[in-house]
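For reference, the structure discussed in these notes is given below.
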Amino acid sequence: MSTPRAAASLAKKAALVALAVLAAALATAARAEQCGAQAGGARCPNCLCCSRWGWCGTTSDFCGDGCQSQCSGCGPTPTPTPPSPSDGVGSIVPRDLFERLLLHRNDGACPARGFYTYEAFLAAAAAFPAFGGTGNTETRKREVAAFLGQTSHETTGGWPTAPDGPFSWGYCFKQEQNPPSDYCQPSPEWPCAPGRKYYGRGPIQLSFNFNYGPAGRAIGVDLLSNPDLVATDATVSFKTALWFWMTPQGNKPSSHDVITGRWAPSPADAAAGRAPGYGVITNIVNGGLECGHGPDDRVANRIGFYQRYCGAFGIGTGGNLDCYNQRPFNSGSSVGLAEQ
């Protein structure tokens, strides 16, 4: 039989346990990333900056180096309503169109045959709902065309006299052929795992440990320890490309913001000749090697894919397609892209 004092003690302990459980739950919720690539491309409320780590705030820690979105406030463009599941990428890219766009990806001569599936593309896109879900229908289609245009160049198996033309052979490769190195650079934040190599893999030919690390963290996979997943798991492969597409890096906007009209050039951008359009995306992806020195066959190839895909969607390409006269964002390649 318990005494009143014992009963009071038990009640106090029960209350303390309840408070501890509540505190743990609140702490877990507080740790969940709020925005950016870590949260499926979400933007912060009330025009807050999204830090490189996926948190919302207003100080330089959030709005400074690595800021992912709304780094100078929302600007004049309103944040779009997130698409409902019924308005996902599949609603503008039905299976038959996907097959026509990537016509020869499963050709017997393509090393990636059978890898890049429609199902994997949709599954990866669902993790980034703003991709192909921002703006009106034409803008949504143009973003998919631009994404497939850039990634088709990175994975092309085409040649000038190829059947159905050179721009029907995107997604022929899934990893770099004969990589010259292990693409490991010393990094305390993204250390290379023993024996692992970070050469180009996937639609964007993701390269270097400093890209595999943050890409893996954003999609919930340890790619520093398992870089081969980008060439063996098609959904992971597409997700890494979409992570790169959706994520601003350094002084570069995201490709997503450029093609959807959410990016406005700064005075420095204008002075560098960087104007809104597909050409800036090429600059983001590989400007250090391809932009700013006049006509370049690689840039023309990227444009060729994009024009074909826009034609298949029945939309215009917009202006400023090349980066021939744009100063690069960096002095070198942003991804360490592989030339097939």
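Just so it is clear, glycine is given a Cβ too, placed from its N, Cα and C backbone atoms.
Feature annotation from Swiss-Prot assigns signal peptide to 1-32; the stated evidence is sequence analysis.
The annotation domain 'Chitin-binding type-1' is assigned in Swiss-Prot to 33-73. Across the domain 'Chitin-binding type-1' (33-73), the prediction's mean pLDDT works out to 74.
Secondary structure from DSSP puts CYS50 (disulfide bond) in a beta strand. There are 29 other CB atoms within 10 A of the CB of CYS50 (disulfide bond), with all protein chains counted. Taken from Swiss-Prot, the feature disulfide bond covers CYS35-CYS50 (among others).
The 10 Å shell around the Cβ of CYS44 (disulfide bond) contains 24 further Cβ atoms across the protein chains shown. According to DSSP, CYS44 (disulfide bond) is assigned to coil rather than to any helix or strand. Look at Swiss-Prot and you will find CYS44-CYS56 (among others) tagged as disulfide bond.
Positions annotated as disulfide bond by Swiss-Prot: CYS47-CYS74 (among others).
Around CYS49 (disulfide bond), taking its Cβ as the centre, 24 other Cβ atoms fall within 10 Å, counting all chains. Positions annotated as disulfide bond by Swiss-Prot: CYS49-CYS63 (among others).
Feature annotation from Swiss-Prot assigns disulfide bond to CYS67-CYS71 (among others). Taken residue by residue with DSSP, CYS67 (disulfide bond) is part of neither helix nor strand, so it is coil. Taking Cβ-Cβ distances under 8 Å and a sequence gap of 6 or more within the same chain, the neighbours of CYS67 (disulfide bond) are CYS49, CYS50, SER51, ARG52, PRO248.
Swiss-Prot lists CYS110-CYS172 (among others) with the feature disulfide bond, giving experimental evidence as the kind of evidence. Taking the Cβ of CYS110 (disulfide bond) as reference, residues of its chain lying under 8 Å away and at least six apart in sequence are, in sequence order, HIS104, GLY157, TRP169, TYR171, CYS172, PHE173.
Residues or ranges marked as active site, proton donor by Swiss-Prot on the basis of similarity to another entry: GLU154.
According to its DSSP assignment, CYS184 (disulfide bond) is coil. Summarising the annotation, Swiss-Prot assigns disulfide bond to CYS184-CYS192 (among others) and lists experimental evidence as the type of evidence.
The disulfide bond annotation in Swiss-Prot covers CYS291-CYS323 (among others). Secondary structure from DSSP puts CYS323 (disulfide bond) in coil. Note: CYS323 (disulfide bond) has non-local neighbours ARG274, GLY279, VAL280, THR282, ASN283, GLY287, GLU290, CYS291, GLY292, VAL299, i.e. same-chain residues 6+ apart with C-beta under 8 A of its own C-beta.
Checking the disulfide-bonded residues (CYS44, CYS56, CYS63, CYS192) against CYS35 (disulfide bond) with a 10 Å Cα-Cα cut-off leaves CYS44, CYS56. Counting only the Cα atoms, the space from CYS71 (disulfide bond) to CYS63 (disulfide bond) is about 5 angstrom. Listed recorded positions near CYS56 (disulfide bond): CYS63 (candidates CYS63, GLU154, CYS184, CYS192; Cα-Cα distance within 10 Å). Sequence-distant contacts (6 or more apart, same chain, Cβ under 8 Å) of CYS184 (disulfide bond) comprise CYS192, ARG196, LYS197, TYR198, PHE208, ASN209.
If you take the Cα of GLU154 (active site, proton donor) and the Cα of CYS63 (disulfide bond), they are about 32 angstrom apart, rounded to a whole number. Taking every protein chain shown into account, CYS35, CYS172, CYS192 are the disulfide-bonded residues, and of these the Cβ with the most other Cβ atoms within 10 Å belongs to CYS35.
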